[in-house]
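As structure tokens, the structure follows; a few thoughts come after it.
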């Protein structure tokens, strides 16, 4: 009888909560409809597409592969690391281009580097002054004998040089670092940028580069990639057969066959770059990506990221690659065929609706996932000759990951918002699934994966934690049915954190986010203790999975095999990954607050937009803000209810077992598919080597 009374009281409290949530959502939705009416009456300008079709370009690009480097606030170490993709050794020389022994017979595609530098918008004159000062210093240092006896100019500019000491401000730090690596002579104003062309010395040849310092274009990676696509489609075309027959000098221009989209702190190993390119062409893929791990491993934060990527790439990406259905392709390092780029560039470069929270989540916060969805939707083999996306475990890449937990939180909150929008859009897009039977099984897997993504991960993790805590307290003789109380208290803290986080970026409240991060890490440590107390097999199961992951990678060479021993450290960050990051992401789903870039600083000032005071912009921002409150309220309630209901009814053990069974089934399915793909890829590479 007492149990029935408790359940009745909980049901009544749940009903009152559901009624309050429904009332708030209806009132907020009415407010959104009113604002949309005002927006429709306001004079709203039509936002142009980022793809410029009438752009006139004067550069002939005949290389097979174009490496597109997007830079923002990188250090010289990171830029040098990234340029190592093409074999860059770390300095520049003004000597004439020389022929190298064996360069004619070397394997690999011809390469061009296009660099797009953000952060200097509206500072064209200062950029030109900086480049002028840089060139004057280069000339003076060339005329003066080097103290070390080296006069070839091949080493990077010294940090003690007058240019390095000059107070150009934080915005010029990346350009200063770039000037120490590349010879930036003869700048010109083109396409809303300051452009510098030249050649960088590779380990085997000279690689042409183009540096575009964006002064008028929007500050985003997507805008840089749109500018690149505009330049490539406007570049001088190859002559026809009749025209080339009349031209006696020079070979016929072939043009790029693939784009490697690369962040300014990421590198593909130079010796592996041809492998990535030829796999893309030989398998007729729309896109592919490498096996990427953290470059540095000097802190617990970096080790967590290393183990996370080490495990997820080996099983999830390998398994998805069987059906050419990797989603999403990591935007830090992704190679696309030109056929795929041309097929999706109109959609990729479209304008973002100012009043759409979903547009902001999908495009502005996750251009890589958005691009992946477009490739799966629009690129077809019978039309474009290529299709699908695959993971290449034999190609190694590395990147500078966030080194502090706050930087990591800011990065992951931006990515989690992208996942919320892009994964939902992918699931509900019939063009991706209906006409492709090989993808049908992945639709169900995609639905189930919502239990471990930002959509429902907080529900599953808090349910399991509360169930374990309730059992432990019951075994200690402190009472029965305490799991529901633990769950309610935990969600009170989560809701408080969501409200405090709403409308502000991570750098603006570092102490608050650090305090809650400590709280969530404490929950992770407590959950590890509860699992070990319940069953010691918990320690053996992750290690067994590590052995499986090593076997999957074995045909392609082991990389960081010791990372498998650290899988037991990952649960310490489980609540940070699966609860804290989604909460902050949903609490800021509208993206109205600035400074969401991983490298953004609190003290940095964003340029004020002239249109910020216009009525249509105010209405659009208000619509997104109210939409965020609707989404946050509904998301919190659904995640809370999915755990509260089984805990209140006494079915928490059954619900937890079902979720755990689904997780194990999902992992086993991907492991089997990953094994099939890994073995096929090893056979494919061996056959190609024999054929060569």
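Every residue, even glycine, has its Cβ placed from backbone N, Cα and C.
Values in this document were obtained by computation on a predicted structure and should not be read as measured data.
Annotated features in TrEMBL:
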- 133-164: region 'Disordered' (REGION)
- 141-161: compositional bias 'Low complexity' (COMPBIAS)
- 440-465: transmembrane segment (TRANSMEM)
- 477-500: transmembrane segment (TRANSMEM)
- 512-531: transmembrane segment (TRANSMEM)
- 536-554: transmembrane segment (TRANSMEM)
- 560-579: transmembrane segment (TRANSMEM)
- 629-651: transmembrane segment (TRANSMEM)
- 663-684: transmembrane segment (TRANSMEM)
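Sequence-distant neighbours of the transmembrane segment (440-465) (same chain, 6+ residues past either end, Cβ-Cβ under 8 Å): 320, 323, 325, 416-417, 419-420, 423-424, 426-427, 433, 486-487, 490-491, 494, 523, 526-527, 530, 574-575, 578-579, 581-583, 585-586, 638-640, 642-643, 646-647, 652, 655-656, 659-660, 662-663, 666, 669. Among the listed stretches 536-554, 560-579, 629-651, the one sharing the most Cβ pairs under 8 Å with the transmembrane segment (663-684) is 536-554.
Fewer than three CB pairs closer than 8 A are found between the transmembrane segment (629-651) and the transmembrane segment (536-554), and contact between the two stretches is not assigned (pairs 6 or more residues apart). Residues 293, 300, 303-304, 306-308, 310-311, 405, 409, 412, 452, 457-458, 461-462, 465, 494, 517, 520-521, 523-525, 527-528, 531, 539, 542-543, 545-547, 549-550 of the same chain sit 6 or more residues outside the transmembrane segment (560-579) yet have a Cβ under 8 Å from a Cβ within it.
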